[in-house]
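Undergrad: Below is the structure I would like to discuss, written out as structure tokens.
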Amino acid sequence: MSEPTVTEKEFNIDTVEHASTTPDTDLPWAALGLKSDEYDRIVKILGRRPTAAELAMYSVMWSEHCSYKSSKVHLRQFGEKVTEEMKKDLMVGIGENAGVTNLGDGWAVTFKIESHNHPSFVEPYQGAATGVGGIVRDIISMGARPVAVMDPLRFGDIDHPDTKRVLPGVVSGIGGYGNSLGLPNIGGEVVFDSVYQDNPLVNALAVGVMRHEDIRLANASGVGNKVVLFGARTGGDGIGGASVLASESFDDSKPSKRPAVQVGDPFAEKVLIECCLELFHAELVEGIQDLGAAGISCATSELASNGEGGMHVELTKVLLRDPTLTPGEILMSESQERMMAVVTPANAAEFERVMAKWEVEYSWLGEVTDTGRLIIEWDGETIVDVDPRTVAHDGPVYERPYHRPEWQDALQADTFRSSAAGANLPGTAQELGGAVVDLMTSPNMADVSWITDQFDRFVGGNTALSQPDDSGVIRVDEETGLGVGLSTDANARYAYLDPYAGAQLALAESYRNVATSGAIPMAVSDCLNFGSPEDPEVMWQFAEAVRGLADGCQELGVPVTGGNVSLYNQTAGRAIHPTPVVGVLGKFDDVARRTPSGFERWADGQAIYLLGTTGDELDGSEFARGRDHLGGLPPKVDLKAEKMLGEILINASRDGMIDAAHDLSEGGLAAGLAEMALRFGVGARVAVDGICERDGVDPFTALFSESQARALVALPRSEELRFTDMTSARGFPALRIGVVDASSGDLEVAGPYQGGSFTLGLDELREAWSAVIPSRFATLGEATEAIRQEK
Amino acid sequence: MSTETPLIGDFHAAPAANPLGGARIGVVTFPGTLDDRDAARAVRLGGGTAVPLWHADESLQNVDAIVLPGGFSYGDYLRAGAIARFAPMMNKIIAAATAASGTRLPVLGICNGFQMLTESHLLPGSMVKNDHLKFLCRDQVLRVENTSTPWTSQFTEDELIAVPLKNQDGQYLADPATLEALEAEGRVVFRYVGENPNGSRNGIAGVTNETHNVVGLMPHPEHAVEAGYGPDDATGMRSGTDGLTIFTSVIASLAGGAQ
């Protein structure tokens, strides 16, 4: 197949020279998402009107998605509120493709969460797939081998017809892409809420590991070094995706801008991973950057401005899938599975050898200069001549107005107890038992294995824990067992009631999950999903959430190492609940010490302890959700208690005192007990009398309150004394509430209520619990069922 | 050209020092192969020396046996295994596995490797998409029905083993005559126990060739070789290591001379 030569292309090239002589030409800056003052600023920076290609670059790089123009002034707190102590293990901070944390023994770990929300609504399979692809390339760009992924997912109402379109597509997209990369999927979240009906949240986390010497940064250094683009060819997919698709709401009043979702090729990405690792290993690249949002515009301007400050590129050298693309389209295309690297002339031949081995296409685009200008030519004519910093870093920064919504007071005054939903609460043994079943078979507490069984959790042979345990655990060093634990959490209902507290509660839960599995929390990555920043009430939610998260990280001593902001998650003026998803990464000296989240069969007779105290905190709870109530104040945040609980759980794991641990969060003690029993189908006999007596709460509250800083643990009787010595030395409340009972297959809960106790058969509970999701997203088609019957 | 597998699960970790360490087992990497490091680890834990082989090379490097690991070679964009089957390394393997004289090379194909073996006609039948049309990952119980192959010699007849299953195209198909022959000749090596996970004919999970040196298996024994990282079993979470017997079997078979 012969390439059309440049001269065969039929379009006018808007050169810099041409732009200088035609100052009055109208450009479609508004259609590209720029505001008039932003356009004026570009003209001022350049001292002339931009060329079409320059306009394309500025428009994508100055979009909300790429420039963080609305969020920047708030995000600064993540840097400002970091102490020296918190920085001690931080090797690369915010600002690079992903932060890097020192794991010790010469190992480093990098992780990050990103969103791919809007594309996943438009085209669920490709949107979710390319979300995985994008975050994995960020990890590769740091020089790391990606070792696992996780997916925090939020969908509309489980029974809404559109959820049946979105969820199966998203799930198979994540599986189709992630499984093909050989990355175990080790956890995530699945939440259903009608607030996400037209704005599902598809966030993706990737984690990678590397030796210290392998850390790579995105900068173009060394004048005369060559710039190379490699991987997939550049096509017409995702053009304008960055500025248009990912930043504008799907408001019916605006023209549809939907057909711009990128298309993924996981095979190309897998080859790219191995090929990049071979390049790193042989020390063949000086700087590297993945091509994500804003494609070549982003890669060239960021590489150049982070390095010597100049770059010279010939755009006709870009290999194309679609030969009709214009220069502006080539600059904006978000075709997947591409990387840009800087290579010394001496290494060029060896670089080409590696490309040939992996059969990866590449083209040399130009070189690094010290001119301080990013010059892009089209067949020898200059079409871009800019200071790359003005594109990559000096985008607009907005101090968006914000204020506390007027309805916030009324919302917070509408407590569960004072509402109609808070009347007629279950009180007898029978009613409470029924309420536990109702809770566990509600969409948000149901078994998600229909979803997670579509993901490979084994590949790599280093997965020590994965869903449904509290965190995903990956071994990094086979010799020593050194490894990491990861969890992602958010409770948007809490954040809606109080965004400051809600963000801290997300952090607290993620921190608690990591500690519950035995890892020492080290670093945070966040994905902040909110509505439109142009709405002052949404902006207030955002500002409060960021402030809460930054303060919380400071108090817990874990730095934010990177993350992502997704705004404009709203349709027809209706915003999602503020959803600050927080990922915490922790460290294990030896992952063999990881603590599973359920009672194992051999643990018969072990003692079950509840750590922490229970208050009357039903506002925003899962129980309240079951009665369609959302109001009041979220559970109280107590980060000192969280930290102490974490220490107890980590020490207990390290010293081999406990054999199971599970944090209490959504659904409270009731859900915690049920999940621990369902994990391996091993029952328990428990009594809540002691909780009611000590904490002065009724049995219903003991079971369903969502008070924070609590966890359940199971331990051999021989360890009880040592364990309670440890908790009492710290003054942390620990109460023995029951024993593991492997013989009965039941969860029996006694308490000071009529009937004395209720018993839930685990087989029966499992059947109902695990049917909730498959029953909605029909597994086998009728035809397949018929064939099976025949066989 | 050797295959680099840096960092985790390094192929080139020090060979196990043990009396059977002389068994050299090649693990072939194709573009899109995913479980090569896992297979190499399984060989190592089984007591052998894993030799990384690259699909485009032509030398078998005097290996004593071959593992074709799982993954999505060439993305499975055509039929699974259909492109990989034409790799230069595959031609060498086919020749060595079907040699008219001398010892025939033992070959194990796992998942995508099994698909390559059917595409190469070293094994009968074919694999299509799971009947429920989804990727499925779960712990799977299998029955070992043939212990006369070098890969299964240390199992007992009808032994039940647990190994992870994870695939998209795992539904084994063959025409009735072939199925009948496989059953009559005892060439069904592994069969699914319990609910058929993908609609495979006769619940077949793995088969062997007429000379029993080539075995294909859809589930993943290399993910059940190390306590803590395998499937759940009676002794606890992720404790299953039943898959290791496949690797110790072949190493023992090689050490014991020709079968």
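Keep in mind that glycine also has a Cβ here, set from the backbone N, Cα and C atoms.
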Undergrad: In TrEMBL, the ATP site includes A:Y68, A:D526, A:G563. Which of A:K35, A:K44, A:K112, A:K587 does it also list there?
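TA: As annotated by TrEMBL, A:Y68, A:D526, A:G563 share the ATP site with A:K112, chosen from A:K35, A:K44, A:K112, A:K587.
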Undergrad: In TrEMBL, the residues A:S115, A:H116, A:N117, A:H118, A:Q262, A:E334, A:S335, A:Q336, A:S566 are said to bind substrate. Which of A:R137, A:R353, A:R547 is said to bind at that same site?
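TA: For substrate, TrEMBL names A:S115, A:H116, A:N117, A:H118, A:Q262, A:E334, A:S335, A:Q336, A:S566; of A:R137, A:R353, A:R547, the listed one is A:R137.
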Undergrad: Please tell me which one of the recorded positions listed here (A:H65, A:D138, A:D290, A:N564) sits closest to A:S115 (substrate binding site), measuring Cα to Cα?
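TA: Minimum Cα distance from A:S115 (substrate binding site) across A:H65, A:D138, A:D290, A:N564 lands on A:N564.
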Undergrad: Using A:D138 (Mg(2+) 2 binding site) as the reference point, find which of the recorded positions A:E114, A:H116, A:E334, A:N564 has the shortest Cα-to-Cα distance to it.
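TA: Considering only the listed recorded positions, the nearest one is A:E114.
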Undergrad: Around A:R137 (substrate binding site), which of the listed binding-site residues (A:E114, A:D290, A:N564) come within 10 Å, judging by Cα atoms?
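TA: Hits: A:D290.
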Undergrad: Using a Cβ-Cβ cut-off under 8 angstroms and a sequence gap of six or more, which residues of the chain neighbour A:H116 (active site, proton acceptor)?
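TA: Same-chain residues close to A:H116 (active site, proton acceptor) (Cβ under 8 Å, separated by 6 or more) are A:G127, A:A128, A:T130, A:G131, A:G134, A:V202, A:N203, A:A204.
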Undergrad: Out of the recorded positions A:H65, A:E114, A:D290, A:N564, give me the one sitting nearest to A:E334 (substrate binding site) by CA distance.
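TA: Out of the listed candidates, the nearest Cα belongs to A:D290.
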Undergrad: Out of A:H65, A:E114, A:N117, A:Q336, A:N564, point to the one nearest A:D290 (Mg(2+) 2 binding site) in space (Cα versus Cα); all of them are recorded positions in the record.
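TA: Nearest by Cα distance to A:D290 (Mg(2+) 2 binding site): A:Q336.
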Undergrad: Just give me the nearest neighbour of A:H65 (active site) among the binding-site residues A:E114, A:N117, A:N564, Cα to Cα.
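TA: Checking each of A:E114, A:N117, A:N564 against A:H65 (active site), the shortest Cα distance is to A:N564.
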Undergrad: Let's check the environment of A:Q336 (substrate binding site): how many other CB atoms sit within 10 Å of its CB?
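TA: The answer is 29.
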Undergrad: Give me the long-range Cβ neighbours of A:N564 (Mg(2+) 1 binding site): same chain, 6+ apart, Cβ under 8 Å, in sequence order.
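TA: Once residues fewer than 6 apart are set aside, A:N564 (Mg(2+) 1 binding site) is near A:K112, A:I113, A:E114, A:S115, A:N203, A:D526, A:C527, A:L528.
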Undergrad: Looking only at Cβ atoms, how many others are within 10 Å of the one on A:S115 (substrate binding site)?
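TA: The Cβ of A:S115 (substrate binding site) has 28 Cβ neighbours within 10 Å.
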Undergrad: Do any residues, 6 or more residues outside the domain 'Phosphoribosylformylglycinamidine synthase linker' (A:31-69), come within under 8 Å Cβ-to-Cβ of it, and if so which ones?
TA: 14-16, 18-20, 22-23, 25, 75, 240, 242-244, 246-248, 293-295, 297-298, 301, 315, 326-329, 331-332, 376, 378, 383-387, 390-392, 394-398, 533, 565, 567-568
Undergrad: Per DSSP, to which secondary structure element type does A:N564 (Mg(2+) 1 binding site) belong, with helix, strand and coil as the options?
TA: strand
